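Peer 1: Pulled these features from TrEMBL for this protein:
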type: TRANSMEM; residues: 12-38; note: transmembrane segment
type: DOMAIN; residues: 30-311; note: domain 'G-protein coupled receptors family 1 profile'
type: TRANSMEM; residues: 50-68; note: transmembrane segment
type: TRANSMEM; residues: 106-124; note: transmembrane segment
type: TRANSMEM; residues: 136-156; note: transmembrane segment
type: TRANSMEM; residues: 210-231; note: transmembrane segment
type: TRANSMEM; residues: 252-276; note: transmembrane segment
type: TRANSMEM; residues: 288-310; note: transmembrane segment
Amino acid sequence: MNEELLNLFEQIARLVLDIQFLVSIVGFILTLPHLFILTRKSMRTSSTNSIMTGIAIIDLVVLLQVILERGLWFLTHDSPCINLHSFIFEMFFWIGDFLRDTGERASFWMGVFLVLVRLLITKIPESTERLSSYAFGYLIFILMLTVHSLISYSYYREYHLEDSTWLPGEECTEYPEGYIEKGYIRNVQDQDNYSAIIEDYKFNDGMSKILISILYPVLAIFLIFDIRKSARIASAAHSEKNAKERYHSGRMILLMTIFYTITSAPGGISDFIQIYCQVPTHSIMTIIIAYGSIFLSALFCLNSASHCLINFSMSTNYRKAAKMVFFANRKQMNTSVLPINF
């Protein structure tokens, strides 16, 4: 591994981080009204809508964490006069890593259950009432958030903050001579058991990503057949509004599934290589896997930003709810202004 190649990887990683930051800002701006629309009364009709609400909540948390962390890096980059190892900063990064790790994994599994619930409702008519319940979607959301929080907690609980000191740079004239400030460093509590704990965590996290990358294309195939069946029903029932809406809803979920498939596939391949293959420490593959995590995180942010656009372009009920939210408010504001007679 020569230095020029390492520099190339580093330059690409920095570019991807900058793109991720911009995509996260756009995605956060789009997801805010997206979540607001999904929580309207007209949208609280099925479990698939409540699952998408849960996905939107997770997306907002992850996108906000990326924005704050990257924005903080832009503000404090190469600044020797700011103590980045203060208690507040270290806790911020610690909690942020936990939230992003939990959110990314939970979002992928929420997407899986979105497709599964859709397929089960159409394949098992007698279970439609229970599976399509709005509360059932929130139950899945709480369950997924709890499970994946515990997985992340098993790893991040092993850290603690050790006392340290921070000295400002010589060019920082605003500090008195000999100024010392308290700092903190995140470190492992139990070094002896840490190796076993991180191996278990990597295995559980890796198997989750591998399973996700396999499930999505399989579910997408089943969903395609289900949509074709819904299309025949919708074409036969010319006046059946529910049949047509079910067909459009299926197409929307299929497109979200395709985006999830594209987003999860690289991570599944990467984790499969790490778990089942022997990768030399100083090989190109090791560097690709290391820098690849940055690319995968950026891909997740891009997928999160697409959800609002997919829903708006493919769901009739979603567009109606959006028009009621925004145009009704505008109309109310216009009517509240009384004309002045001279």
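Glycine is no exception: its Cβ is also placed from the backbone N, Cα and C atoms.
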Peer 1: Which range wins on Cβ pairs under 8 Å with the transmembrane segment (106-124): 12-38, 136-156, 210-231, 252-276, 288-310?
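Peer 2: The stretch I would name here is 210-231.
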Peer 1: Check the domain 'G-protein coupled receptors family 1 profile' (30-311) for me and report the mean pLDDT.
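Peer 2: Averaged over the domain 'G-protein coupled receptors family 1 profile' (30-311), the predicted model reaches a pLDDT of 87.
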Peer 1: Any residues 6+ beyond the ends of the transmembrane segment (12-38) with a Cβ under 8 Å from its own?
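Peer 2: For the transmembrane segment (12-38), the nonlocal Cβ contacts are 49, 52-53, 56-57, 59-60, 63-64, 66-67, 70-71, 74, 291, 294-295, 297-298, 301-302, 304-305, 307-309, 311, 318, 321-322, 325-326.
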Peer 1: Under 8 Å, at least 3 Cβ pairs, sequence separation 6 or more: does that hold for the transmembrane segment (210-231) versus the transmembrane segment (136-156)?
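Peer 2: No; fewer than 3 Cβ pairs under 8 Å.
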Peer 1: Determine which residues of the chain contact the transmembrane segment (136-156) at the Cβ level, with the cut-off under 8 Å and only residues 6 or more beyond its ends counted.
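Peer 2: Beyond its ends, the transmembrane segment (136-156) has Cβ neighbours at 46-51, 53-54, 57-58, 94, 97-98, 101-102, 105-106, 109-110, 113, 117, 130, 197-198, 200-201, 204-205, 208.
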